[in-house]
Amino acid sequence: MTSGPFFFCVFIIGRYFTLGNAQDVSCPLGSFPCGNISKCLPQLLHCNGVDDCGNQADEDNCGDNNGWSLQLDKYFANYYKLTSTNSIEAETSECLVGSVPMHCLCRDLELDCDEANLRAVPSVSSNVTVMSLQWNFIRTLPPNSFRKYHDLQKLCLQNNKIRSVSVSAFRGLHSLTKLYLSHNRITFLKPGVFEDLHRLEWLIIEDNHLSRISPLTFYGLNSLILLVLMNNALTRLPDKPLCQHMPRLHWLDFEGNRIHNLRNLTFISCNNLTVLVMRKNKINHLNEHAFTHLQKLDELDLGSNKIENLPPNIFKDLKELSQLNISYNPIQKIEVNQFDYLAKLKSLSLEGIEISNIQQRMFRPLINLSHIYFKKFQYCGYAPHVRSCKPNTDGISSLENLLASIIQRVFVWVVSAITCFGNIFVICMRPYIRSENKLHAMSIMSLCCADCLMGVYLFVIGAFDLKFRGEYRKHAQPWMESVHCQFMGSLAVLSTEVSVLLLTFLTLEKYICIVYPFRCLRPRKCRTVAVLIFIWITGFIVAFAPLGNKEFFKNYYGTNGVCFPLHSEDTGSTGAQIYSVVIFLGINLVAFIIIVFSYGSMFYSVHQSTITATEIQKQVKKEMILAKRFFFIVFTDALCWIPIFILKFLSLIRVEIPDTITSWVVIFILPINSALNPIIYTLTTRPFKEMIHQLWYNYRQRRSVDRKGTQKAYTPSFIWVEMWPLQEMSTEFMKPDAFTDPCDLSLVSRSSRLNSYS
């Protein structure tokens, strides 16, 4: 923005191409032609980086070159062609401005004094046409600083330390067309400071400290086309005709200021304005007639402000508008007919806006719309006539499939099958393992039921992925708002929280039995049943509470296609964010810490009790087995929960997380415990392994009998005794005759528990 060649390059790159003869081909709604051939492709295959048409037509014209790039084409192309031709013809390497200051360079009538340690404007020949004084130490521009330079056309004063500009500093610069004052410390410009600059076309005052302006500030700028006031400290614009003395102004840029509202009279005289940029301000209110007189406006950028409400007729008079950006505003509601008058609109940006009442009717009048940008890719289904809709995916789903990745589509079934089969198998086999501690068995059965719900959740997600295969964009938003999605999300959270609480309870039970074997702390039947009921009730409350208060939680489970609320920040509800943090960084994190501490204490306690044992080598071996088992339990918990803790913490501090992470967490990380708990707590335990060995032994015995026909097989009971924990075993069974001392009994008790892990 600081030189002509830059804008010329932007113009060349941003040229607009039409679609050729594509309009001659008739395609169904949601599909678009492949250039001048009769082939049609759906919206999702256009501008995806792949030549799906075969003639590259689906990848042509994908750039959004509407708005300011077209204005460069219209207003500056011919000018640069003419000036560049003249400069080539007249170019010479000889210096024609006489003597120049030290550290300065001269060529033809151009003076380059960049980084020359200047503290004032140098004095050179009056015929100089270009003067660049960038990166110096000029602090003030006194009166008549440039008065003798009548032929000066371009003046660059960027990156100095200018604080004060005299009202007559630019007097006499009747030929000046471009003035750059960017990156200085200017706080105020007096009325009439540009009075003599009748030919000035570009005025760039970017990155200064201007706090106020008035129409008189720009008095005399009759030829001004481009005015850039980016990144200043303006808090308001005058409620007077700002363009009163700039009748030819086409481009006005106020990006990065602190403007709070736009008044009705501010732009009343800006009849020729084609580009208005107001992004990154603090605008929270728009008067309904603020843009009424901008009937030639081609681009309006109101992005990244604090606008909550759009007046119904705010865009009514913008008949020529081709690009509109209202993204990243906390807009509460967009009227169905909000864009009805924007028939020429080609690009619409609605990123970062939750459109609760979205429908096709909103965008149907926008017959020329070629690019649209949403917060959620699911909204693209409501603009099927728009060729380029972004984003194409949220990292989990795509316009085509609920699960975007083929790996996820396959493994959702694999993980679901493993989880369901493993837990159902344990539930079915548990009655055949007669546990001396029925309360422990009851807890394990309850854990399997909770883990099985995770498998059901994954199964349903896989089923709906199959149902929507190839046309998910049509069903995306209704699916995420549906009762099915809300219920399955609740089921996943119920499974997760009940599993977490049950694992914590089982761990504390083991901890008490091993570390305090002779204290009366063991839960009885009524107490255990009460704890299990309490855990399930708590899980139901945590999981289903968001469904009971939509105003507080918004669409808590419907922020993504898999219906899991890992990133509750997407809901736009502070309450939902706090609730999610309490669950993932409160309940679950505390539970994980308790489990790690308890298993560490258990291992230490068993290790201390076996130091005095006579069979040291046996005890060391048993300790190693115990250590491995404890490590595996803690490791699987850590593998499941630590990534979730990290992701939740990063999202809480607003660190950008790749969109694809959520789906991988839900399908591969979250079900780890649900899939492995049956293995850890049943299938690898000593009673179960002994039962399997006994079944194999019986099978071999029967085969032997069948072969011999005479020998009768010994067939023990199919029911096996589970040896751990030994809470309900009789005293006679627990206490050997050789030990009568409580300390020795403690050793035996702990050793018995140690044996049960092997």
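Cβ from N, Cα, C; glycine included.
Between CYS53 and the candidates CYS34, CYS40, CYS62, Swiss-Prot records the disulphide pairing with CYS34. With respect to the membrane, LYS554 and HIS693 are annotated on opposite faces, judging by the topological domain names in Swiss-Prot. The recorded disulfide partner of CYS485, taken from Swiss-Prot and restricted to CYS389, CYS420, CYS428, CYS563, is CYS563.
Using ASP52 (Ca(2+) binding site) as the reference Cα, a 10 A cut-off selects CYS34 from the recorded positions CYS34, ASN368, CYS563. Using a 10 Å Cβ-Cβ cutoff, CYS485 (disulfide bond) registers 22 neighbours. Other Cβ atoms within 10 Å of the Cβ of ASN264 (N-linked glycosylation site), summed over all protein chains shown, number 14.
Here the CA atom of ASN272 (N-linked glycosylation site) lies 34 Å from the CA atom of ASN127 (N-linked glycosylation site). For the recorded positions listed here (CYS47, VAL50, CYS53, CYS62, CYS563), the lowest count of other CB atoms within 10 A around the CB belongs to VAL50. Taking Cβ pairs closer than 8 Å, the repeat 'LRR 7' (246-269) reaches residues 68, 71, 75, 218, 221-240, 275-287, 289-294, 301 in its own chain, all 6 or more past its ends.
Checking Cα-Cα distances from CYS34 (disulfide bond) against the recorded positions (CYS40, VAL50, ASN264, ASN272, ASN368) with a 10 Å cut-off leaves CYS40, in sequence order. Listed by sequence, the residues of this chain that lie at least six past the ends of the repeat 'LRR 8' (270-293) yet keep a Cβ under 8 A from its Cβ atoms are 67-68, 71, 241-243, 246-264, 299-308, 310-318, 325.
Checked against ASN368 (N-linked glycosylation site) by C-alpha proximity, the recorded positions CYS27, CYS53, ASN264, CYS485 yield CYS27 as the nearest. In this structure, the C-alpha atom of CYS40 (disulfide bond) lies 8 angstrom from that of CYS53 (disulfide bond).
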